[in-house]
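Lifted from Swiss-Prot, the feature list:
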type     : residues : note
REGION   : 1-127    : region 'Transactivation domain'
REGION   : 124-282  : region 'Disordered'
COMPBIAS : 146-156  : compositional bias 'Polar residues'
COMPBIAS : 163-175  : compositional bias 'Basic and acidic residues'
COMPBIAS : 250-260  : compositional bias 'Basic residues'
COMPBIAS : 261-270  : compositional bias 'Low complexity'
REGION   : 298-382  : region 'DNA-binding domain'
Amino acid sequence: MVILLQSLQKSAYGKEPWTLTQTSLETVRSAPANCFKKGPQNIEVMFDKDPENIMVYTVWTYIYYQTLDDTWNKVEGKIDYHGAYYLEGTLKVYYIQFEVDAARFGKTGIWEVHVNEDTIFAPVTSSSPAAGEGATSIDSAPESPANRQLSSTSVSSRKRTPPRTEARRYNRKESSPTTTTTRRQKRQGQRQEDTARRSRSTSRGRQEISRGGNQRRRRRSRETSISPAWGRGGRSRRGPTTRSQSKSLSRSRSRSKSRSRGSSPRGGISPADVGSSVRSLGRKHTGRLERLLEEARDPPVILLRGDANKLKCFRFRAKKKYQDLVKYYSTTWSWVGGTSNDRIGRSRLLLAFSSNTERELFIKIMKLPPGVDWSLGYLDDL
C-alpha cells in the first residue's frame, strides 16, 4: 500500500486532493481492485422484474489504474446493461457483472439497471458487450435523444408504446381463396385419383401372375440356376458363368471398393487442416479412426498466470502486436475453491492458436511482463 501511494504521489495526479477514505486499504481492494477511486455512486438492479428482488451496487465516477510502466491513468467509470466498467484505451474492463448475480438471485436471467431516473434495458439484437461502444457514463446528466441511440444498449424511459406493425399483424383477416388456390386443389385431387388407379391395376397384375401355376415357377427356377448373374434391367446374361469369370468379377468388385475408399474425404487430413477445429466431437463420429482424425484438429493454447492488471495490459498490447498469430484471447479469470468462493492463486489468461506452428512462433517472439509465467496445453472446445 505504501508503494502504491508513493507511486501515485509522483504521478500527475498526486497534486489532486485526496482523503483518508479514498486512500484506505479497503477502498483500494474494493472492485476494481488495486485501483484508486473517487466519486462513489449507488445504482439499483432489479432482477426478474420483481420490485422486491433489487440489488444495490456501488460504482465509481473516476478510476485511477496503474500501467506496466508504473504510470497512472485517470478514466471515467461507465455502466451499461452488462455491468460497470472502465476503459483501458479501447478495452472494456468490467469490475461488476450483473449476469453473475442474475444467475444467483434471479430465475429468468432478465434484469433492469436503474441509474438515477433512467432504466437500461437489454438490447434486442445482441446481449454481448461490444468493445468500446454502447457505454453510458455513470456521472453524466440525462442525455439527449441522439446520444441514447446506442448500438449494444439503449437507455429509455419506463413507458413504451408498442409498435403499430404488431397491431396490424394480429388484426389482419384471412384472405379468401383465389382462383389459383382452387386450381391447385383440383390438380391435387386428380393426382390422388391417378395414384389410386395405378395401385389398383398393379395389385390386379400381381394376383394374375400368382395364378400362373407351378410350370412358370419351375421354368423360372431353371433359368435362375443356369444364369445367376442379372443385369440392371432384370435380363439374364449369355450362358452360365465360369470359374474364371467369377474371379474377374470378384477382382473388379474389390477394385471398385478400393477406389471408393480412396476417394472418400474421410481418408485423412492435410497438414494445413491440423489445428483448424475449435469444437469437440459430436455423436456422429462412432469410429475410432474418425475420432482420431477429428481430434487432430484440436487447437493448442497457452495459459498465462500473473497479476490481473498486468495480464489485461498485455492482452491489450498483444492484440495489436500479435494479431496474425493469436486466434482468441480470454478474459482474466481465477480458480475458486470447491467449498468457497475465495479466489485461489493468481489470475489466468488463455491464448488460443490455430496450429502448433503459430504457437511456437509466438513463444519465440513474445515478451511477457515481469511476474507472469506460462504453460502449454490443448482444449477440446473453445
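Each residue, glycine too, has its Cβ placed from N, Cα and C.
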Tally of DSSP helical, extended and coil residues in the region 'DNA-binding domain' (298-382): 24 helix, 32 strand, 29 coil
Three-state composition of the region 'Transactivation domain' (1-127), taking helix and strand from DSSP: 22 helix, 54 strand, 51 coil
